[in-house]
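Annotated features, as they stand in TrEMBL:
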- B:262-377: domain 'ABC3 transporter permease C-terminal' (DOMAIN)
- B:707-806: domain 'ABC3 transporter permease C-terminal' (DOMAIN)
- B:21-40: transmembrane segment (TRANSMEM)
- B:256-275: transmembrane segment (TRANSMEM)
- B:308-330: transmembrane segment (TRANSMEM)
- B:350-370: transmembrane segment (TRANSMEM)
- B:393-412: transmembrane segment (TRANSMEM)
- B:418-440: transmembrane segment (TRANSMEM)
- B:471-491: transmembrane segment (TRANSMEM)
- B:706-727: transmembrane segment (TRANSMEM)
- B:755-776: transmembrane segment (TRANSMEM)
- B:788-807: transmembrane segment (TRANSMEM)
Amino acid sequence: MNQMTDFSSDQSQPMLRVDNLSHRVSLETDTLTILQGVNLEINRGESVAIVGRSGSGKTTLLGLLAGLDTPSEGTVELDGAVISHLSEDERARLRARRVGFVFQSFQLLPAMTALENVMLPLELAGIDAPEKRARDLLERVGLGERLNHTPRQLSGGEQQRVAIARAFASEPSVLFADEPTGNLDNRTGQAVSDLLMALNREQGTTLVMVTHDEQLAARCGRQFTIESGVLTEPAAVREMAD
Amino acid sequence: MAAASKLMSVRRDWRERDVRVVLAALIIAVATVATIALFAGQLQRTLVSSASSFLAADRQLEAENGREIPGEWLTEAHARGLETGRMVEFSTMVFGADNFQLVSVKAVSNEYPLRGEIEVQRQSEGPRTLVGAGPGRGEVWINPRLLRLLDLTIGESLEVGNRNLKVTGLLIREPDGGFRLSALAPRVMMHADDVPSTGVIQEGSRVEYVYLFAGSETALDDYYRWLQPQLEPSQEWEGVRDGDTFSRSLERAERFLLLGGSLAVLLAAVAVAVASRQYALSQRDTVALLKTLGVRSNGIGRLYLRRLALWGIAGAVAGLFVAVPLFWGLTRMLSELLERPVELYLDPMALAPALLTAVVSLFAFAYPPIRRLRNVPAMRVLRSQPGETGREAIPDILVAIVAVFGLVWLYAGELGLVLALLGGLLLLLGVLALFGWLLVSGLRRVRGGGNAWRLALVGLYRHRRASMSQIAVFAMTLMLAATLVLVRTSLLDDWQAQLPDDAPNHFLINISPDSVESVASFWSERGHDLDQLYPMVRGRLTELNGLPVKEAVSKDERINALNRELNLTWMSSLPADNEIVEGAWFTPGQDRGVSVEAELAGRLGLAIGDRLTFTIGSQKVTESVTSIRTVQWDSMKPNFYMAFPPGGGLTDMPATWITSFYLPEEGKPGLNEFSRQFPTISVLEIDHIIARIQQIVQQVTQAIEAILALILAAALVVMAAVVSATLRDRQREGALLRTLGGQQSLLVRSTMLEFVLLGGFAGLLGVTAAEAAVWALQFGMFDGNFGWHWQVVLPIPVISAVVLALFGRWQLGPVLSVSPMLLLRRLE
């Protein structure tokens with residue numbers, strides 16, 4: 001493991017740079033291309049939505065951007081580090097310090113309380129006084145009264161709020177959100193996306209969100225469309241963003 | 001309903017991991033219990049048949065009153081399908097060419113021996129052969145020493161009473177050449193039909209008739225039930241199980257097997273309980289769905305009951321299919337050990353405990369959590385409902401404990417065993433509750449960090465419910481396994497201690513007082529030191545507190561020691577393996593009193609201060625009991641019921657001396673010279689007997705090791721089942737931790753540490769409970785000396801920590817090899 005890998009960020013560089021990214025998976029009989037020739041650059045503090053139908057490859061792209069998987073071809077540069085050049089442990093260290101996640105299915109650990117779930121990334125990153133920070137964050141997302149409840153005792157919206165608190169806990173440079181409101185009703189979804197956006201603004205985090213919800217996508221600075229593994233940025237939207 | 005049944009097809013069941021675990025647990029349960037029951041039966045039959053040769057039969061009926069038994073007793077035995085044989089034993093003078101010698105004659109019928117073989121040498125320098133019948137009419141086989149004493153050669157005649165019998169062989173070993181001090185004189189074996197013509201046996205002669213019986217255990221037991229009311233006090237029915245070294249070893253081995261079987265039952269129950277609870281939890285969504293579709297609670301109850309019954313049948317059948325080849329393998333191993341073919345006997349009755357185990361495990365352990373599925377609300381389909389708190393399971397657990405211990409009781413037939421195991425288990429649960437409290441209050445303050453240790457401790461605390469139940473199951477499993485290991489170790493140590501390699505294997509008897517010194521120097525010159533020499537005076541116990549002893553003792557007590565002359569001795573110091581249980585040993589200078597062996601004292605109802613009168617020849621000696629002591633009868637050293645102080649009541653009585661010593665095989669030629677130099681001293685060679693016992697102990701040890709291995713394998717499977725119950729949760733957690741930036745090495749170290757802590761603690765707890773159970777067992781089941789066995793038990797927590805850490809590492813495997821993204825999706 002290379003302990004010397006430098007994760008310090010260069011503020012002039014883009015947060016994410018994707019160059020000619022392709023991803024294929026081998027099936028029993030043939031090979032399936034999930035992503036093809038994706039190029040993308042996202043600046044610091046930007047919020048970006050990637051919109052597409054089910055099976056269009058958007059979650060795979062998110063995973064590759066976040067370094068949860070390595071691409072078949074091309075490079076992903078996250079905060080100055082080329083992900084495919086890093087070992088698994090180096091990628092983990094990068095995630096611990098720079099990356100936050102919000103999942104469609106919340107991914108809270110059922111045996112742990114809300115507080116413990118939020119403390120988890122802080123503990124992994126070796127941050128001091130994790131409990132204090134986790135409490136503050138849970139207060140911030142409106143769950144100050146439910147610190148010791150386990151996920152099973154919380155509603156879907158509450159669970160997602162815990163997940164959001166966990167995502168922001170280690171003050172990540174970039175937050176990846178995978179259909180954050182996909183499992184929630186309209187009203188709850190609205191409240192959760194408000195919270196996500198608000199925290200994003202407060203912390204100046206770069207947000208990369210995958211969704212099929214056009215309304216949610218519209219709240220992001222830039223939107224991309226993905227179809228059959230090909231990513232495009234509609235001109236109209238780009239102009240609006242400018 | 002039909003649709004619902006379809007939803008629950010057995011094939012679908014089989015695809016569920018939890019069902020496979022329940023079934024695996026059941027199969028292991030049935031297989032282990034059946035194998036042990038079958039093998040224990042086989043072992044017992046094999047050992048009894050090898051042990052029977054110690055009696056030359058399965059049973060002996062000894063008539064010490066000098067009268068033959070009524071002919072109808074033998075007719076009855078034949079009618080019951082038993083084989084019989086007859087021996088007549090007496091002492092007489094025999095004459096060779098020029099001199100004569102007192103001998104101990106054993107006259108045997110054609111059938112002798114019913115069990116075992118006689119070792120005989122047909123020529124002085126010829127080979128020794130094993131034969132299945134005694135000498136023919138007109139022939140004798142004699143002890144090699146007698147050949148020298150009488151200056152005879154093979155082929156010459158020996159005069160026994162009025163008959164001249166031809167010496168046709170040297171008697172090397174007789175199968176029932178048991179260790180009897182009464183057999184002092186050299187042996188002559190002849191045909192029983194020749195006895196009347198010798199004219200040696202007259203009215204009033206001291207003669208013992210011994211009848212041999214062999215046949216099936218049931219027939220023998222039935223016959224004994226028929227015979228028992230007719231037996232006189234001087235007639236004694238003897239089996240191999242009557243109190244000698246060998247039968248005690250056998251009995252302990254059998255108990256060990258029973259203990260092993262009982263532990264297998266408990267282990268199986270634990271495995272079934274764990275797996276079925278897990279299964280019930282996984283079924284809640286299905287049940288809620290079924291209820292939504294309109295299936296009523298009763299219908300659900302019936303569905304699952306039917307399913308349980310199907311599993312029971314499948315598990316039992318598969319278990320038996322595993323057990324039979326296993327049993328066959330063990331029997332083959334036994335056969336190889338014994339170097340003779342062992343008849344494979346598959347006793348259908350031995351399968352009953354296994355099937356009962358399956359039924360009880362299923363209905364006492366698997367059914368309760370599954371039955372509670374009826375109560376799952378349909379609402380669960382829409383909204384996740386709080387799970388069980390565990391409290392509602394308490395009555396079920398109590399019922400299950402009663403059921404399983406009832407099963408163990410039924411199986412082992414030993415209340416002591418049940419109580420010892422139950423006690424150990426309660427202690428374990430008590431300590432576990434205390435630990436739970438400590439875990440909650442102590443670890444709450446620990447905060448995780450990038451450090452594997454802290455993460456592991458936090459993990460323990462955060463998974464406290466799973467941790468506690470895992471510790472409980474591991475500790476219970478380890479307690480059961482450790483109990484077995486401990487008992488085995490004690491058993492083997494005990495046997496080893498009983499018969500060390502240099503255990504005395506020769507006795508010198510009838511040493512006259514003036515040759516004591518020359519005998520000792522004879523052997524020490526040849527490098528063999530004699531053990532302690534004891535004086536021996538023959539006498540009868542005739543009065544107890546002034547009353548004739550037969551009146552003083554209740555008629556129900558048939559006490560052998562009262563029917564014959566006892567060997568009395570005097571000694572200044574207590575032999576190392578004797579132990580005073582009441583009163584005090586003689587002080588230096590004390591010359592009054594007598595020390596009595598504890599068991600005899602118990603049967604005679606003796607207390608300190610009781611006056612005993614002995615008749616020695618024509619003289620009477622009266623002494624008060626000053627101490628009661630235990631004696632190691634199986635120590636292969638001279639042992640005495642009655643010991644007097646030096647200068648006490650036996651002084652001036654005619655005494656001879658006795659001793660035992662270890663003579664290795666290469667020292668044997670010295671015996672010839674010894675016999676020439678000391679013709680009046682009898683040498684009793686018991687090295688054959690000792691070698692035989694050692695061989696049998698070895699066989700039993702091997703069998704015990706095999707059973708132990710089987711149980712340990714079962715324990716390992718239980719632990720694997722428990723660990724795999726949380727597999728999914730742990731993998732999901734691992735994937736998430738990696739997603740959140742946990743490094744692989746940290747994950748591996750913290751998970752392994754968590755399991756090390758779990759395993760180590762469960763190991764310590766299990767071992768402590770096992771020591772407690774063994775401590776309780778030593779009083780009840782095994783009369784060995786049990787101390788603490790830290791050198792044996794300390795490795796167990798270490799092994800359990802290592803094994804669990806490896807289990808933990810194994811669980812993490814997929815988490816480490818697959819991208820976290822893929823894993824999270826897979827586990828969603």
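Including glycine, each Cβ sits where the backbone N, Cα and C put it.
Annotations in TrEMBL come from automatic prediction, not curation.
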The transmembrane segment (B:788-807) touching the transmembrane segment (B:706-727) per 3+ Cβ pairs under 8 Å rule: yes
Tertiary contacts of the transmembrane segment (B:471-491) (same chain, 6+ residues out, Cβ under 8 Å): 252-253, 256, 259-260, 263, 266-267, 270, 274, 421, 424-425, 428-429, 432, 435, 704-705, 708, 711-712, 715, 718-719, 722, 758-759, 761-763, 765-767, 769-771, 773-774, 777-778, 782, 784-786, 789, 792-793, 796-797, 800, 804
Cβ contacts the transmembrane segment (B:308-330)/the transmembrane segment (B:755-776), at least three under 8 Å, sequence gap 6 or more: no
Intrachain residues whose Cβ lies under 8 Å of the transmembrane segment (B:21-40), provided they are six or more past its termini: 14, 254, 257-258, 260-261, 264-265, 267-269, 271-272, 274-276, 278-279, 311-312, 314-316, 318-320, 322-324, 326-327, 330-331, 346-347, 350-351, 353-355, 357-358, 361-362, 366, 411, 703, 706-707, 710-711, 714, 717-718, 721, 724-725
Same-chain residues near the transmembrane segment (B:755-776), Cβ under 8 Å, at least 6 residues beyond its ends: 416, 419-421, 423-425, 427-428, 431-432, 435, 456-457, 460, 467, 470-471, 474-483, 485-487, 490, 786, 788-789, 793-794, 796-805, 807-808
Local confidence of the prediction over the domain 'ABC3 transporter permease C-terminal' (B:262-377), expressed as mean pLDDT: 78
Composition by DSSP (helix, strand, coil) of residues within the domain 'ABC3 transporter permease C-terminal' (B:262-377): 100 helix, 0 strand, 16 coil
Residue distribution over DSSP helix, strand and coil in the domain 'ABC3 transporter permease C-terminal' (B:707-806): 85 helix, 0 strand, 15 coil
